[in-house]
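One structure below.
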Amino acid sequence: MRLSPVLLRLSRGPALLALALPLAVALAFSDETLDKVPKSEGYCSRILRVQGTRREGYTEFSLRVEGDPDFYKPGTSYRVTLSAAPPSYFRGFTLIALKENREGDKEEDHAGTFQIIDEEETQFMSNCPVAVTESTPRRRTRIQVFWIAPPAGTGCVILKASIVQKRIIYFQDEGSLTKKLCEQDSTFDGVTDKPILDCCACGTAKYRLTFYGNWSEKTHPKDYPRRANHWSAIIGGSHSKNYVLWEYGGYASEGVKQVAELGSPVKMEEEIRQQSDEVLTVIKAKAQWPAWQPLNVRAAPSAEFSVDRTRHLMSFLTMMGPSPDWNVGLSAEDLCTKECGWVQKVVQDLIPWDAGTDSGVTYESPNKPTIPQEKIRPLTSLDHPQSPFYDPEGGSITQVARVVIERIARKGEQCNIVPDNVDDIVADLAPEEKDEDDTPETCIYSNWSPWSACSSSTCDKGKRMRQRMLKAQLDLSVPCPDTQDFQPCMGPGCSDEDGSTCTMSEWITWSPCSISCGTGTRSRERYVKQFPEDGSVCTLPTEETEKCTVNEECSPSSCLTTEWGEWDECSATCGMGMKKRHRMVKMSPADGSMCKAETSQAEKCMMPECHTIPCLLSLWSEWSDCSVTCGKGMRTRQRMLKSLAELGDCNEELEQVEKCMLPECPIDCELTEWSQWSECNKSCGKGHMIRTRMIQMEPQFGGTPCPETVQRKKCRIRKCLRNPSIQNLRWREARESRRSEQLREESDGDQFPGCRMRPWTAWSECTKLCGGGIQERYMTVKKRFKSSQFTSCKDKKEIRACNVHPC
C-alpha cells in the first residue's frame, strides 16, 4: 500500500513509520483499493497527483487572496487563505504557485515564494520545498500563508490548491481552488480599474465597516510625527455608479479637499447628502487620536451601512494627520457578486494617496497649494527623497491601515438560490442568535467554553451553544451582554465523518534513552488541544514509549544503573516548562573507574496553552484645568485600572503630568497706608491740610493702576485781624505761642493721665525734595505712675506732608 502524498512526510524516519501507518488507517486511506501512482518524473510533479476518487462541482472550498485582486505587484506580500465553508472541512492540502501554462515539473515553472504563518498548521513539503502542505492531518476549516509575488516580467501566475477531505475523497485545482493573478501594468502603482457591472442581487444587505489604523512609529519610523498623529473622522457612503466620491485619476471635490487638508468631514457630508437619489447610507465613524494605540485594535472605529441593487457601491476616506493632503480609503467598492448575491467579507490593506491640492512632501510641510490642482494619485516610494515613504529601490509602501467590511444581515427576498455557506442557510435567525461580539470594555468575562453539540441530530440546520462567566462589571450603569452564545450549525447526518475526532498538539521531542549502555526505553508526550465536538472522551494516546539501544557491546568501564525514576511535575502550569528525573548507580565499572552515566535528566514539558488577560485600562481622561489661572502651572490626566493582568502586575502609567502656561498674571498697584493729616498751613483764616502715601509696586500686565498719592482737605483756625500792623501781628503771635506752651505744660497731667511725657522731637528731614514727601516726629513717655490704669500712656508719633510742590 502506498500512502497518500499528504501523509508521506510522516514516513521520513524509522521512528515515525510506526506512526504513519496507523494514522493512515485512522484516516481510512486503506479502506478502498488505491490506484497505482507513477513515480515522479519531474520537479514536484508528484504533488499534483492524489489517489482515489476526484470530486467535481464543489462550492464549499475556496482559495482566496486577501482583497480579491486580479493583479499582483512584483515583490509584494499577499495573504492567501484556503478555507472550507461550515459544515465542510478538510484534513490535508497542497498549495503551489505556477506560471501560466506550466505543469510544475521544472523548478523554473514555479512563481513567487510562500511564507509560513503558523507552523502548527502548515509546513513546506520535505520533497518539494516550493509547495506548502499541512503539518498534521486533522480536521480543519481554514489555513493561511503569505505568498511573495515574483519579480517583474514573470507574467500571469496561477495559485492551485488540492484538498483531501476524508478517506480518498479529494478536490483539486479547478474552480474555486484556483486563483489567477497577472502582473500589474497600470498607470497608477497598486491601482487597477475594475469595471462596475450592473447588480442583479435582490433585497438589501447590511454591512459593518471596521477601520484598523496601522500607521505608527514602529511601522513607519522616518520623520514620524509623535505629537499630533491621528486619523480624521471617517466619511463616506453607499452609492450608485452614477455618483463618485473620489477616484484615482479624478480631481478632488471641495469636500475631499477639506478632508485631505483640514481633516474636516463637514463639507464632504454635505456633498454626499446632496446626492440623495444616488446615496443609500452616509458612512461616518469617529476620529482616532493618536493614530495608533492598542485600543484601535480592541475597539476599532466602525460604522454600519446598507446597500441595494442600485446603490451597491461603497466609498470612504480618512485623512492621515498631520500631512499635506494625504488620505486612505476605498473608492466604489462593489459589494454585489456575479452570482446575484452579496459579498460576505472584504479585507483591504490601504496605502496613502495624494488629493492633488497641496504640494507638501513631508508630514508637517508648510501649506503649499497645488496650482493648478492635480489628479488624485497613490503615493509611491519614489515621489521625493524627503518623503517619509521614500525608498531609493522603489519598493512598495508598507500598508498604513486595514479596512474590514463584513456582511451582518440581509433583508427582503434574496434571489441567489444557492447559499454561500451555512451562515446563509440560517440568515433569517433572530438577531440575538447572531455570532456578534458587542461586549463593552467594562465587562470582564472568562474564556468561552467549547461549543456544544449541534441541536439537530440529522442533516438539517440547528444551533450550538457556548457559555462564559461574568467575572467583573466595572461600570454598573453599562449592562453586560448574555453569558450564552449561539451559532448556526448543520447536524452530523450531513457527513459520515466521525464527530468524536479530537485535536492533538505536536509530539514533543523524544526523551534520552533510559540507560547509557545496552537496550532501554525512551518516551515522548503530547496534549489535547481541542476535545471532540460531540463531548465524547478523547481516546488518542498522549504518551508513546519505544525501545532504544545505546552501545550494544558494553565495555568494562560501563556501569550498571537503575531505571529512571518518574518525571517530576512540570515547572509551569501552562505553556512550556521543565521537568526532571533521577536514577542511581547500581554497580560501578568493573575496572574501578568512575561511572560516567547520567544520574539526572531535565527536559522541556508542554502544558496546555496559557490564556492570559492583560491588564485592562480605561481611556485617558481629558486634561485637567491648569493649576493656576494665569502664569505657569501644571495639569494632569488619569486613567483607571479596570482589571489586573491574569499573570503578573500591571505596570502601566495611570497618571500623567505636564506643564501649562497661561497669560501672565496682572499685578495691581501697591501703596503704603495714608500718613496722618499735616498741620494746617495757615495760622489764621482758611487753609488746608494734606496727607500722603507711597507707591510700593507699580502695576504690570494690565493690573489696577495707582490711585492718588496726596489728599487735601480744608482747615480753619481763627479769623485773621483786618490790616494789623506787622509789629502788632508778630507780638500777638509770640504771645499766643507763649500762652499755648504754658497751657500745654499745665495740661500735661490731663492730656496724658498716669504718666509724664517728654517734649516732641524735632521734625525729621522730608523724604522727598518735591512731589510730596513726609516728615515724622516722636514723643516718648518720661515716667509712668504706678497707680496708673490709663492705656493712653504710650509713645506718640506724628506725620506730616512736606515738599508737596510738583517736581
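Cβ coordinates come from backbone N, Cα and C, glycine included.
Features of the protein shown, as given by Swiss-Prot:
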BINDING   ASP325, ASP354, ASP358  Ca(2+) binding site
DISULFID  CYS44-CYS128  disulfide bond
DISULFID  CYS156-CYS182  disulfide bond
DISULFID  CYS200-CYS340  disulfide bond
DISULFID  CYS202-CYS415  disulfide bond
DISULFID  CYS454-CYS489  disulfide bond
DISULFID  CYS459-CYS494  disulfide bond
DISULFID  CYS513-CYS517  disulfide bond
DISULFID  CYS548-CYS554  disulfide bond
DISULFID  CYS559-CYS595  disulfide bond
DISULFID  CYS605-CYS610  disulfide bond
DISULFID  CYS626-CYS630  disulfide bond
DISULFID  CYS660-CYS665  disulfide bond
DOMAIN    195-388  domain 'Spondin'
DOMAIN    442-495  domain 'TSP type-1 1'
DOMAIN    558-611  domain 'TSP type-1 3'
DOMAIN    614-666  domain 'TSP type-1 4'
SIGNAL    1-28  signal peptide
ASP325, ASP354, ASP358 excluded, remaining Cβ within 8 Å of their centroid (Ca(2+)):
ALA260, GLU261, SER323, PRO324, TRP326, ALA355, GLY356, THR357, SER359, GLY360, THR370
About how far apart, in whole Å, are the alpha carbons (Cα) of CYS559 (disulfide bond) and ASP354 (Ca(2+) binding site)?
78
By Cα geometry, the one of the binding-site residues (ASP325, ASP354, ASP358) nearest CYS626 (disulfide bond) is ASP325
In whole Å, note down how far the CA of CYS665 (disulfide bond) lies from the CA of CYS202 (disulfide bond).
69
Which same-chain residues, if any, lie at least 6 apart from CYS182 (disulfide bond) yet have Cβ under 8 Å of it
ASP70, PHE71, TYR72, GLY155, CYS156, VAL157
Go ahead and report the DSSP secondary structure tallies for the domain 'TSP type-1 3' (558-611): helix first, then strand, then coil.
0 helix, 19 strand, 35 coil
Return the count of C-beta atoms lying within 10 angstroms of the C-beta of CYS605 (disulfide bond), excluding that atom itself.
20
Kindly assign CYS513 (disulfide bond) to one of the three DSSP-derived states: helix, strand or coil.
coil
Rounded to a whole number of Å, the separation of the Cα atoms of CYS200 (disulfide bond) and ASP354 (Ca(2+) binding site) comes to 34
Rank the disulfide-bonded residues CYS128, CYS454, CYS626 by how many other Cβ atoms lie within 10 Å of each Cβ and give me the one with the fewest.
CYS626
Check the domain 'TSP type-1 3' (558-611) for me and report the mean pLDDT.
79
When the Cα of ASP325 (Ca(2+) binding site) is compared with the Cα of each of the disulfide-bonded residues CYS489, CYS595, CYS605, CYS665, which one is closest?
CYS665
Taking only the recorded positions ASP358, CYS548, CYS595, CYS665, which one has a CA atom nearest to the CA atom of CYS128 (disulfide bond)?
CYS548
Test of understanding: give the count of other CB atoms lying within 10 angstroms of the CB of CYS665 (disulfide bond).
14
Of the recorded positions listed as CYS340, ASP354, ASP358, CYS454, CYS548, the one whose CA lies nearest the CA of CYS660 (disulfide bond)
ASP358
Within 10 Å of its Cβ, which one of these disulfide-bonded residues (CYS200, CYS513) has the largest number of other Cβ atoms?
CYS513
I need the nearest neighbour of CYS340 (disulfide bond) among the recorded positions ASP358, CYS454, CYS517, using C-alpha distances.
CYS454
Output, ordered by sequence, the same-chain residues six or more apart from ASP358 (Ca(2+) binding site) with a CB under 8 Å from its CB, or 'none'.
ALA260, GLU261, PRO324, ASP325, SER365, ASN367, LYS368, PRO369, THR370
